[in-house]
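Among the features that Swiss-Prot reports, domain 'EF-hand 1' is placed at 4-39, with the record citing sequence analysis. What Swiss-Prot lists as Ca(2+) 1 binding site is 17, 19, 21, 23, 28, and the listing cites sequence analysis. As annotated by Swiss-Prot, domain 'EF-hand 2' applies to 40-75. Under the heading Ca(2+) 2 binding site, Swiss-Prot lists 53, 55, 57, 59, 64, citing sequence analysis as support. Residues or ranges marked as domain 'EF-hand 3' by Swiss-Prot on the basis of sequence analysis: 77-112. Taken from Swiss-Prot, the feature domain 'EF-hand 4' applies to 113-148, supported by sequence analysis. Annotation comment: Swiss-Prot describes 126, 128, 130, 132, 137 as Ca(2+) 3 binding site.
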């Protein structure tokens, strides 16, 4: 994290530690995360507190908050990188990677792949059976293969 990002996280933490206790509870955490551009669900908040709140106090101190947000921001960065890669494939901007898109990229990269191999790649990632790979399917397969 940059110093600026750390400062942003500190400011969000202080802003939502409304009673100045040095800790934030579940309700305060939800508001703090929204301020940083996340839309956490109630279950996510509960899980985050449970994962971080080692002493069982039901609240999070700044160090715990910083660790959690650092991980979250890393996730967001890798998602942005994956979406950039997606857009390189989706040159016709349909929001999906077609067989034709994949074939073009393979050719540009000098990969000698058969049509069957390319189709297998599409089939592996294609969850909804429409014969193409949408953003979510692409994200999922990239995460699954640990390329990001």
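Including glycine, each Cβ sits where the backbone N, Cα and C put it.
A coil conformation is recorded for residue 55 (Ca(2+) 2 binding site) in the three-state DSSP classification, outside any helix or strand. Taking 17, 19, 23 as the binding-site residues under consideration, the smallest Cα distance to residue 53 (Ca(2+) 2 binding site) is found for 23. Among the binding-site residues listed (126, 128, 130, 137), 137 has its Cα nearest to the Cα of residue 17 (Ca(2+) 1 binding site). Apart from the site residues 17, 19, 21, 23, 28, the chain places the Cβ of 16, 18, 20, 22, 24, 25, 59 no farther than 8 Å from the centroid of the site's Cβ atoms, the recorded Ca(2+) 1 location. Ranking the binding-site residues 23, 28, 130 by the distance of their Cα atoms from the Cα of residue 55 (Ca(2+) 2 binding site) places 23 first.
Of the chain residues outside the Ca(2+) 3 site list 126, 128, 130, 132, 137, 96, 122, 125, 127, 129, 131, 133, 134 have their Cβ within 8 Å of the site's Cβ mean position.
The binding-site residues 21, 59 differ in how many other CB atoms lie within 10 Å of their CB, and the one with the most is 59. Residue 126 (Ca(2+) 3 binding site) sits 41 Å from residue 59 (Ca(2+) 2 binding site), counting Cα to Cα. Counting other CB atoms no more than 10 Å from each candidate's CB, the binding-site residues 23, 57 peak at 23.
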